[in-house]
Amino acid sequence: FVCTQRELLPCKSLPETLLFQLLGLSIATLSTVTHYGLRFTLISNVSLDSNSYRVIHHRAFYFGICLSMTLILAALLSSAATVRESQCLTTMGFFCFALAFCGLIPAACWRYTHSTEVEDSMMDVYDFVYEEVRRNTSSFRRHELTAIHEAFLCCGKHSPFGDTTNVEHKTCPLGQVHDEGQDCLREIQDFLKKHMDFVFSLLGIAIGFTVTVSVLSHF
């Protein structure tokens, strides 16, 4: 579309609004996938109350949804403020950006200070289920362990002696060979590292754009 000089500011604000809406939708999508994804759901359902993973799992989802809604609301308010030239809407938009920034910074810091907490809690859950199946023949735990093996495409835990136990033979997917490359603890660690790196990258992008737009909105 063609912008006249009078409509110049609203047209310039449109790309920024769409960008933050897409960013908010991306965070909401990532939060939903993290919460309802098969691998995360399996670990959450198996984890005990004493394990911290279930708490982290739910908090991450609600935080991501709230953050995405804040970014989308801030983008809509800023766009409306530019179109209507309203100082009140501008102030509300700036407040939403500041609120989002105050949430993004602690989230990024948590990624560094608790980088291994999620990883350790997930592997603790797998260790618990594996040992429960190894100690007894509970069909309930065996079904859970089989589901984890199928979801992560792995097979038991690596043994320094290179042998397998009855647990692997009964719970591993057909055709899986128990070796170092398919060790479940390593597969869980690699999967979670890639996921957390993607989350941190998205948080970094959100922080950068939030700071930029907040400064522009202030001026």
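Residue numbers in this text run from 1 along the chain shown.
Heads up, the Cβ atoms here are built off N, Cα and C, so glycines get one too.
Caution: TrEMBL annotation is automatic and unverified by curators.
Because the structure is a prediction, the values reported are computed rather than measured.
Residues annotated as disulfide bond in TrEMBL: CYS154-CYS184 (among others). Here the Cβ of CYS154 (disulfide bond) has 24 other Cβ atoms within 10 Å, regardless of which shown protein chain they belong to.
Feature annotation from TrEMBL assigns disulfide bond to CYS155-CYS172 (among others).
What TrEMBL records for 18-38 (among others) is transmembrane segment. Sequence-remote contacts of a segment are chain residues at least 6 beyond its ends whose Cβ falls under 8 Å from one of its Cβ atoms, and for the transmembrane segment (18-38) they are 57-58, 60-61, 63-65, 67-72, 74-76, 151, 195, 198-199, 202, 205-206, 209, 213.
The transmembrane segment annotation in TrEMBL covers 59-80 (among others). Remote same-chain partners of the transmembrane segment (59-80), defined as residues 6 or more beyond its termini with a Cβ less than 8 Å from a stretch Cβ, comprise 10, 13-14, 16-21, 23-28, 30-32, 34-35, 86, 89-90, 92-93, 96-97, 99-100, 103-104, 107, 206, 210, 213, 217.
What TrEMBL records for 92-113 (among others) is transmembrane segment.
The transmembrane segment feature in TrEMBL is assigned to 198-217 (among others).
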Give me the CA-CA distance between CYS154 (disulfide bond) and CYS172 (disulfide bond), in Å, as a whole number. 7
Could you tell me what the rest of the chain brings near the transmembrane segment (92-113), counting residues at least six beyond its ends with Cβ under 8 Å? 63, 66-67, 70-71, 73-75, 77-78, 81, 196, 199-200, 203-204, 206-207, 210-211, 213-214, 217-218
